[in-house]
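Features of the protein shown, as given by TrEMBL:
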{"type": "REPEAT", "residues": "27-60", "note": "repeat 'TPR'"}
{"type": "REPEAT", "residues": "95-128", "note": "repeat 'TPR'"}
Amino acid sequence: MTLTGASWKLYRSTVVTKLAFERLLLREKAEAKGNEVFSAGDFPIAIRHFSEAINLPPTNHVLYSNRSAAYVSINKYFEALTDAKKTVELKPDWSKGYRRLGAAHLGLAHYDDAVSAYKKGLEYDPNNEALKSDLADEQKFN
């Protein structure tokens with residue numbers, strides 16, 4: 001039996017949808033494992049799992065944010081900055097992305113950039129206590 005026309009299009013669409021769903025499940029599994037080992041303090045393994053999830057579309061700003069936090073936890077601030085920038089590129093109205101950006105800048109001793117990132121995050125979420133605290137700490141010490 002040979003598929004033609006509408007039958008072929010339906011078959012191809014079904015296969016593509018199935019593959020996309022399988023990739024989504026793999027991404028979610030890698031993300032969950034990354035969150036689990038991050039919580040346990042195993043940041044290098046968390047980075048590996050978050051990287052695996054990032055490489056499985058669709059692109060998700062939370063994955064970049066989580067990997068940025070893991071990089072900060074092991075003092076890899078340049079890598080954290082790269083991921084934080086990607087986070088705010090993907091989701092520019094998400095205040096947590098700016099907190100990640102501020103933390104990475106702070107680790108690189110880019111104090112003015114850290115303050116700018118925290119302030120930008122507060123523009124989107126003026127009641128975010130974590131951002132307020134980070135900004136106050138940064139302004140107090142620098």
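Cβ coordinates are placed from backbone N, Cα and C, and glycine is handled just like the others.
TrEMBL labels come from automatic prediction, so no person has curated them.
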Worksheet item: Do any residues of this chain, six or more beyond the ends of the repeat 'TPR' (95-128), have a C-beta under 8 angstroms from a C-beta of it, and if so which?
Response: 61, 65, 68-69, 71-72, 75, 77-78, 80-81, 83-85, 87-88, 134-135, 138-139, 142
Fill in: Local confidence of the repeat 'TPR' (27-60) - pLDDT mean
91
